[in-house]
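Comments concern the structure below.
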Amino acid sequence: MIDNRDAEKTGNSARSGVKPGSEPSRRFCVAPMMDWTTPHFRYLARILSRRALLYTEMVTTGALIHGDAGRFLRYHPSEHPLALQLGGSDPKELAYCARLAEQHGYDEVNLNVGCPSDRVQNNLIGACLMAHPGRVAECVAAMRESTDLPVTVKHRIGINGRDSWDALCEFMETVAAAGCRTFIVHARIAILEGLSPKENREIPPLKYDWVYRLKARYPHLEIVINGGIRSLAECHEHLHHTDGVMVGREAYQNPWLLASVDPELFDDPAPMASRQDALRAMFPFIEAELARGVPLNHMTRHLLGLFHGVPGGRQFRRHLSEHAHRPGAGLATLETALAKVHTDGTRAPISA
Ligand SMILES: Cc1cc2nc3c(=O)[nH]c(=O)nc-3n(C[C@H](O)[C@H](O)[C@H](O)COP(=O)(O)O)c2cc1C
C-alpha cells in the first residue's frame, strides 16, 4: 500500500491509472460505500475489472484536516482509476482536501450530496446540501480552483420538501455554472427525517426517467445514473440514456458481476476466468497485509460475496466466519475455505 503521508510530504503524485490531464471513463463505476468500499474490497474489485472507476468511502474534510490523513487516503497503486469522495460544505476546507487528493494521486475528487444520515446532516454534509445549491456551487468552484483533478458531484434527485423537477434543474444549473460537468445521480429522493440511511436506499421510489430527462435536457453534462442496478443487462439499458452507470450494493454483495464489466461494457478481455483465480490473485496482497498486522477477517469480510450463488459458497462463507478471526489465521484458512467451493459451478461462462 502507498503510505500517502510520503506523498503529502514530497508532493509526489502516485497517479498512474489515467493520463495526466485526461478524464477517467465513468461508463461503469463502483459506488462509494462506507465500511464496504475499503481498500481491501477495492483491491478485489480491481482484480475483477480493469476498467471500472472505483470510489472510496466518504471521508469528511474534518477527518482529513484533524485526523490521520495518511491513513484515510491510503490505497494500493493497482486501484487506479480511483476517485476520492469527500464530505463537507466549507469551500476552503474542501479546496484543501481536493488538493490533498491530487497530491496523493487520486484520479477524481467527488463531493457527497447524497448521504441522508443525521450525523452528517448536523454538519451540513450530504443530501441536506440539495437545499443549498449556491453553497454546493461555491464548494465546487473552490475545489476546482485548488486542483486540476475532475471535480464531480454525487447527489439525489431531491429531498423531502424540495423534490420538484424545477428544484432539481435549479440545482444542476447552479452547480454546473460553477464548472461541474459530471453529475452522479442517485435516482431517488432522500427523506431527511424519519428514515434510516438504509431505508433511504430502499423506500423512496426510483425515478430513472428523471435521470434520463436530465441527460436529454443537459446533453453537454456527463450524467451517471445510480440506484437499484443489479445486472449488466440493466447497465446496457441505462447506457442508452445516460453516459455511465454506478453500481453499489450489487457490486459488493455479488462482486463476480464485475468480472463481466470489461468484456461486456468495454470490449476488453475478462481479467479473470474464475472466482477461484480471482481469490488466488489476491493472495500476495493478503500476505503482505497480514505481515503488516492486518487481521485476516478484516480482509475476508469484504470477500464473502465472491462465491455468492455458487455450490459450496455458503460453506466458504461459514468457514471464514468461524475461522478468519482466530489468532494465526492466514492463507491456509483461505485455502481450506476455497476447497469447500465446487469448481464446476464457477467456471461457467461469465455472464451478468
Ligand atoms: C453500506 C453503504 C454505505 C454507503 N456509503 C456511501 C458513501 O459513503 N457515500 C455515498 O455517496 N453513498 C454511499 N452509499 C450509497 C451508495 O453509494 C449508492 O448511492 C446507493 O447504495 C444506491 O446504489 P445501489 O442501489 O447500486 O446500491 C452507501 C451505500 C451503502 C449500502
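Just so it is clear, glycine is given a Cβ too, placed from its N, Cα and C backbone atoms.
TrEMBL has this to say about the protein:
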ACT_SITE  C115  active site, proton donor
BINDING   P32, M33, M34, Q85, K154, H186, N226, G227, G228, G248, R249  FMN binding site
DOMAIN    30-336  domain 'DUS-like FMN-binding'
REGION    1-23  region 'Disordered'
SITE      N112  site 'Interacts with tRNA'
SITE      K198  site 'Interacts with tRNA'
SITE      R201  site 'Interacts with tRNA'
SITE      R314  site 'Interacts with tRNA'
SITE      R317  site 'Interacts with tRNA'
Could you round the CA separation between M34 (FMN binding site) and R201 (site 'Interacts with tRNA') to a whole angstrom and send it over? 14
CB contacts under 8 angstroms to P32 (FMN binding site), restricted to the same chain and 6+ apart in sequence, sorted by sequence, are Y55, T56, E57, M58, A83, Q85, N110, N112, K154
Any of the recorded positions K154, K198, R314, R317 with a C-beta atom under 6 A from ligand 1? Give them in order, or none. K154
Just how many other Cβ atoms lie inside 10 Å of the Cβ on K154 (FMN binding site)? 26
Would you mind ranking the recorded positions K198, R249 by how many other Cβ atoms sit within 10 Å of each Cβ and giving me the lowest? K198
Fewest neighbouring Cβ atoms within 10 Å: which of the recorded sites R201, R314, R317? R314
Separation of alpha carbons, C115 (active site, proton donor) and K198 (site 'Interacts with tRNA') (Å): 10
DSSP on R201 (site 'Interacts with tRNA'), three-state: which is it? helix
Compute all pairwise C-alpha distances among P32, M33, M34, Q85, K154, H186, N226, G227, G228, G248, R249, the residues listed as binding FMN, and give the largest one in whole angstrom. 20
